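Below: one structure, written as structure tokens.
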Amino acid sequence: MENLSLYAINSSELLNYVVAYISLGSVLFFLAIFVFAKNPQNSLNRIFSIYSFAIAWWSLFTILMITSNKHSIAYFWDQICLVGAIFIPTTFFHFVQIFLRLQVKNKWFIRFFYLCSIFFLFTNFTTYFVYDVKPQFAFSFYTIPGWAYHVFVSYFSLLSTIGTIQLFIAKQKSKADRTTFAYQAKWLFYSSLLGYIGGGTNFMVVYGVEIPLVTQYANYAVLAYGLSMAYIILRYRFLDIEIIIKRTLVFTGLFGVLLSVVVGVTALTQSFIGKYLHMGDMSVRVLSIVVAMLLFDPVRKWLVNLTDKYLFQKKVDYRQLLKEASEYLAHVDSLKRQTMRIVSFMIKKARIKNASIFVYTRRDPSGLVLEASRPAIRELCGLGFSQAGSGKGIKIPFTHPLIVYLYQKRGPIEKTHLNEMREKELFTQFQEELNEIHDLFVKLKAEAAVPCFGGEAHRQNSPLRQQSEMSEQVHAKAGKGVSHLRGILFLGSQKSDEPYTDEDLDVFSTLAQESSIAFENARLYDEAIQKQRELEQMNSELENAQSQLIRALEEADLTNLRIKQMQGELVETKKRALLSGLSAAVGHEIRNPLTPLMTHVVFCQRALADGFKLYEEVAPKIERDQQEKFSEMLKEFKKRFDKTQGGLDRIKGVVGTLIDLVRARTDNKQAVQLKLVIAAAWEEVRFQTYSETLVIPKLTVDIPGEFPFVEGITQDLQGVFVNLMINSLHAMEKSVNKDITIRGMIDSKYPAMVMIEFQDSGFGIPEENLSKVFDHGFTTKGEKGTGIGLFYCKDNIERVHQGSIAVRSEMSVGTTFTIRLPIFNPAKK
């Protein structure tokens, strides 16, 4: 039993295990020290350090067990290393509860699990936990478990699983968020899952289960867990130990630079000065030491000043800071420029990395509006923020928990203090309020918020629990002696990476109170400027109103003159309307009986002609005197009927002439401008189709201004275009794109003619119907159509105006009518 080294040991595999255990043990050991040294009073830092130290303990002492050459020594180190392993699941569970802020809710579970760990600790030094050790795989010795060890494995699996599941749930709940907590939860879950999967393979070795490659290299997953934790600390400021790590790295670098300077000077002294002065080795060494001692202090001071300037920043002289701040704030300027000046002062003089100012303005009394920030803040909606009333900028409403808290405390709030309150708060509702304030700090990259109080305004008695009372009516409820929150100054971390002390916050509070006075002065300055602009605008409007009044009086005189003219025209129009109505009535009353009467006369004339033929046949059969008498009678009838026919034609002509005169229409061809005709036709079409609820298409008239006049009759040409337009409207009822385009141009083949193309985007005309569209009575509209429209167009264009009209069409594309009309020639007139 004393010497089990006779077992064959694979030295390369053993070396692999030793490297893995040393690596992960060293990483977690130093991580535990760093975290604990930063803030030992913080429970999260403290438990995480114990948890990491437990893993490091188990890892480092496991090396002593697996490399022992004696059974008794290996058994002893096995018991020692398992002391750390016993506390791994308990401290992990405790750490997860604190991170998720469930430590109060689950405090009895935490206490019970620590009791379990103490029980396992006592049994660890008995054979109930570690029965013995023996060679296992590449190890000289490894654990032979007792019955308590089996219980511990179950206990270990249970707590690690519960903690990992809780991290997974937290990760899923915060998946949509972009907060620091969401990233921390995600990385903690994945790194813990990876670590426990890798670390769990050590239990496989205990039970004699070996998976090639997996068992040998799984411990590197625990190392990856440690490196992941270091990444979370640096990248997402987990446990807030970024500063101590940064300074450790910086001082290490400074020491290296300083040592390099000393070594370089020494080497230079030995190589060059000793060579040319023929100095002995002892003399060169003494001279090198003297030179190094002389250079050490100046180099140290230079490096310290350099790091103070660019890394740590020298401590701010607050008396000088307050003096310079008074000079900055003494300027009376606009609110925007004043806030920008304060932010610039904080960045340059107070050595703050970033700063922003939210102030109260009259233009939006429901909250504090962002006026200045560096670097610029683009958007903060979703954290209690909203867009300002003007549509520009970012606003924190008065219902935000931070504003309510500042009214209650009436002093600055620091992020570290806020985190402590979040840990101590027991009620979920109040935790949510504190979390909302914390998220605001994270989004603004702020470490402290300093209120700017001044003047009399809001009541102070609005507690943090009653946010609803802090609303837009808070100004109206203000009481005497209660100062108004003029703004909030958000401060980022200091360039020295030092946390804000009470002295720092007191100084910034003093600056904030001076700033509130500057804000009020700036607000009054802005109001004065605004009032001046309003006065100038009122004067300008008054001058404009005066000139408009003069123009209105002049226009009134012209209007009175136009009214008199319009009254005369109205009387004339009424006369013409009366005459038109009377003419239409007369024409209707005369034409109605006149038409059948003329028909009867025609039939009588035809019957009389037949009578003459019959007379010629029967004349030889009657006596002569009767023949003459009958002949005279027929001639008298013919004479009377011819006079009646002439009278009826005269009546018809008189009635037609009367109606044409009233309508102011003439058949005389004159110069016609087609653009006006088309415009009039379009308006008539809109009027005629109003009751049909047709969608009026887009009309495009492409006729140049110098387009020649055509010779024609205005009313007839207008009727042609009205017919074409109505047909197009019906053809485009089911078309998505409804367009009518009318183009005018000189006909290249016939220079004395103009060519007009009327194109629509309708369904098109089938090819078999193209030859029939101008036929009288042809229609595709069924009972709604008359078959006269296009027939009228063709007849009017070709017969009346001696022009031509043609059609071409493509299905689903549209139809185009091409019209040619003669150009008006004044010489012919």
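Just so you know, glycine gets a Cβ as well, placed from its N, Cα and C.
Those TrEMBL annotations? Automatic predictions, nothing curated.
Annotation source TrEMBL lists transmembrane segment at 14-36 (among others).
Positions annotated as transmembrane segment by TrEMBL: 48-68 (among others).
For 74-100 (among others), the entry in TrEMBL reads transmembrane segment. Sequence-distant contacts of the transmembrane segment (74-100) (same chain, at least 6 residues past either end, Cβ-Cβ under 8 Å): 43-44, 47-48, 50-51, 53-62, 64-66, 68, 106, 109-110, 113-114, 116-117, 120-121, 124-125, 129-130, 132-133, 140-143, 152, 155-156, 158-160, 162-163, 166-167, 170, 184-185, 188, 192, 423.
For 112-131 (among others), the entry in TrEMBL reads transmembrane segment.
Nonlocal intrachain contacts for the transmembrane segment (147-167), taken as residues 6+ away from its ends with a CB within less than 8 angstroms of a stretch CB, comprise 85-86, 88-90, 92-93, 95-97, 100, 102, 113, 116, 120, 123, 126, 128-131, 185, 188-189, 192-193, 196, 200, 203, 206. The annotation transmembrane segment is assigned in TrEMBL to 147-167 (among others).
Listed by sequence, the residues of this chain that lie at least six past the ends of the transmembrane segment (187-205) yet keep a Cβ under 8 A from its Cβ atoms are 55, 92, 99, 136-137, 139, 142, 153, 156-157, 160, 163-164, 167-168, 170-171, 211, 214-215, 218-222, 224-226, 228-229, 231-232, 236. TrEMBL lists 187-205 (among others) with the feature transmembrane segment.
Feature annotation from TrEMBL assigns transmembrane segment to 217-236 (among others).
Look at TrEMBL and you will find 248-270 (among others) tagged as transmembrane segment.
If you take every residue in the coiled coil (521-562) and average the pLDDT, you get 81. Annotation source TrEMBL lists coiled coil at 521-562.
The domain 'Histidine kinase' annotation in TrEMBL covers 585-825.
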Chain residues outside the transmembrane segment (112-131) and at least six past its termini with a C-beta under 8 angstroms from it: 75, 78-79, 82-83, 86-87, 89-90, 93-94, 143-149, 151-152, 155, 159
